[in-house]
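*Asks:* The following block contains the structure, expressed as structure tokens.
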Amino acid sequence: MRLSIYSSILLLRAMCLVRPTFGFPATTCRCMPGDSCWPSSTDWAHFNASIGGRLIATQPLAQACHDPYYNETECQYLQKHWTLPALHDISPSSIMAAAVAKDTCDAFTPRSKPCAPGDMVVYSVNASSPDDFSRTIRFSQQRNIRLVIRNTGHDYLGKSTGAGALSIWTHYLKDIEFVNYTSSSYTGPAFTMAAGVQGSDIYNVANGRGLVVVGGECASVGPVGGYTQGGGHSALSSRFGLAADQVLEWQVVDGTGRLLTASPTQNPDLYWALSGGGGGTYGVVYSMTVKAFPDFPVTGVVLQFDTKNTSSKDFFQAVSYYHRDLPTYTAAGGMAIAQITRSSFLLTPLTLPNKTTEEARSLIAPFIHELETLHIPYQLNITQSATYLEHYKKLIEPNPTQLVQNGQYGGRLLPLNVIESNNTQLTEAVKTITQDGVVFVGIGLNVSSSVVGDVWNSVLPAWRTAALSVLLSTDWPAGANRSTMKTLADRMTSKWVPILTALSPDSGCYMNEADPQQPDWPQTFYGRNYETLYAIKKRYDPFDTFYASTAVGSGDWQVKTDGRLCRVKGNT
């Protein structure tokens, strides 16, 4: 597999010795289908030939549920599987999250309603090499077409799609290579992954070598894209840190078509930006090399209780006790995912690397004692697995988090001092938010310097003091009224997220699990790093080729009501 990755890299570097012209024409807005500047069918055919026939004219995934393409059998299949990421992963254009799909048709709107493309990309390049990246970048610039980057489309903020856009689709770049890595900062086992690799791919390969890597809780998420570039929390984060903390180097094609290596010693500014500064804006990553670690046994804890046989007061008192004890779990290397509603609590799971069942039981004993003192019935399951992959398949992969969680989203990183000094106010916040029908998911972890050491990257600084990454969500039933959903989205922005912000005014939010309408997103998602990241963006993407919602530099643009991407006046 090394030959596959690096032969492509050498080929593009040779081609770049004689560089074609890059850059956009001097216009305010990107071209859209129907515009006089939109490429003709002949233009598209010529471009397709230049990339070996890899251009795809996209079709809405749900068109089988709408006239004139209606097919009852296909539509029923789509409706049954619509919430499974795998259905969308293999599509070059499907928008997974309903909240950012806008007017793109889905499998549940009326059959008679036209299947509009909405914010779906118009064309997609099934990329097989860095050369495909470079040629697509150049074509998008010459023809003034919006360009986006996509692997699986696992995306709550709409970064991997756009009306009238051309997409670089990396999904079938699946090479994985084991590396004995040596550098001034790290010597040890590592893996180089191509851009289309998904979590399940690398977990299985690593397990086969007796190793683990830091990756997402959802098996379908692609580690190389926005997950790691945005920081990336993991069930192993309290042991090793965030995904961005593991990166040794990147191979990336920038906005001028150059294939670059980005590491602490080569193009270090680009390495720093890609490692936590957000995806889809500095360039198109072809591969990523990350640290790997010896495998270990893992103990998992699943705990649930509800209000069926207890009062709301006692229920939320128990929630308070859980948060009180959470730092003890994370200090022991544990990572906890707790889903809280107004009537239920589900810890699913608490992942404890290299701990025995006895150690796990001892860790949670104080919390269990509080539940019993409150006379709250509970269900507890403690399971030990011989390897991390076994634990993952038993307790993480079967979770509801593996489904497409349609809803309105918001989030906040809550510092450790909130739990230590303001746990009463935190409990009141959880109660107020969940009483409105909002689901509160608290991801408990410790990625402070005591865990990660002296790392050098652009991860949002608020992560280093965070005890909880909170994701809020509301329900989005099939066929939901979009006006009603927009009202809930606005309440997320104006009411529920601000409740958490008041608890942590100097913190921020995990940019991949956030409110798409976050009003102060540069500060909230990037903190003090934003201005430096913006300068790096301009250095490696001088023509503003790459745009993604809430990505660095996206404030220079605005999306019109028809989906057209235009420069904000004064930004040229």
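Every residue gets a Cβ built from N, Cα and C, even glycine.
When I checked Swiss-Prot for this same protein, it listed these features:
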DOMAIN    115-295  domain 'FAD-binding PCMH-type'
CARBOHYD  Asn48  N-linked glycosylation site
CARBOHYD  Asn71  N-linked glycosylation site
CARBOHYD  Asn126  N-linked glycosylation site
CARBOHYD  Asn180  N-linked glycosylation site
CARBOHYD  Asn309  N-linked glycosylation site
CARBOHYD  Asn354  N-linked glycosylation site
CARBOHYD  Asn381  N-linked glycosylation site
CARBOHYD  Asn422  N-linked glycosylation site
CARBOHYD  Asn446  N-linked glycosylation site
CARBOHYD  Asn481  N-linked glycosylation site
SIGNAL    1-23  signal peptide
*Asks:* Asn180 (N-linked glycosylation site): which of the glycosylation sites Asn48, Asn71, Asn126, Asn354 is the nearest Cα neighbour?
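*Replies:* Of the glycosylation sites Asn48, Asn71, Asn126, Asn354, Asn354 has its Cα closest to that of Asn180 (N-linked glycosylation site).
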*Asks:* Got a sec? Which of these glycosylation sites, Asn126, Asn354, Asn446, Asn481, has the most Cβ atoms within 10 Å?
*Replies:* Asn446
*Asks:* Looking only at Asn71, Asn180, Asn422, which of these glycosylation sites has the biggest number of Cβ atoms within 10 Å around its Cβ?
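*Replies:* Result of the Cβ crowding comparison: Asn422.
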*Asks:* How many Å lie between the Cα of Asn309 (N-linked glycosylation site) and the Cα of Asn71 (N-linked glycosylation site)?
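*Replies:* Distance between the two Cα atoms comes out at 48 Å.
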*Asks:* Using DSSP with the three-state reduction, classify Asn422 (N-linked glycosylation site) as helix, strand or coil.
*Replies:* helix
*Asks:* Just give me the nearest neighbour of Asn422 (N-linked glycosylation site) among the glycosylation sites Asn354, Asn381, Asn446, Cα to Cα.
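*Replies:* Closest by Cα: Asn446.
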*Asks:* For each of Asn48, Asn309, Asn381, count the other CB atoms within 10 A of its CB; which of these glycosylation sites has the top count?
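*Replies:* Neighbour-count leader: Asn48.
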*Asks:* Using C-alpha positions only, work out which of the glycosylation sites Asn48, Asn71, Asn126, Asn481 is nearest to Asn381 (N-linked glycosylation site).
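*Replies:* That would be Asn481, the closest of Asn48, Asn71, Asn126, Asn481 to Asn381 (N-linked glycosylation site).
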*Asks:* Provide, as an integer number of angstrom, the distance between the C-alpha atoms of Asn48 (N-linked glycosylation site) and Asn126 (N-linked glycosylation site).
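*Replies:* Asn126 (N-linked glycosylation site) has its Cα 11 Å from the Cα of Asn48 (N-linked glycosylation site).
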*Asks:* Looking at the glycosylation sites Asn71, Asn126, Asn354, Asn446, which has the shortest Cα distance to Asn481 (N-linked glycosylation site)?
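*Replies:* Minimum Cα distance from Asn481 (N-linked glycosylation site) across Asn71, Asn126, Asn354, Asn446 lands on Asn71.
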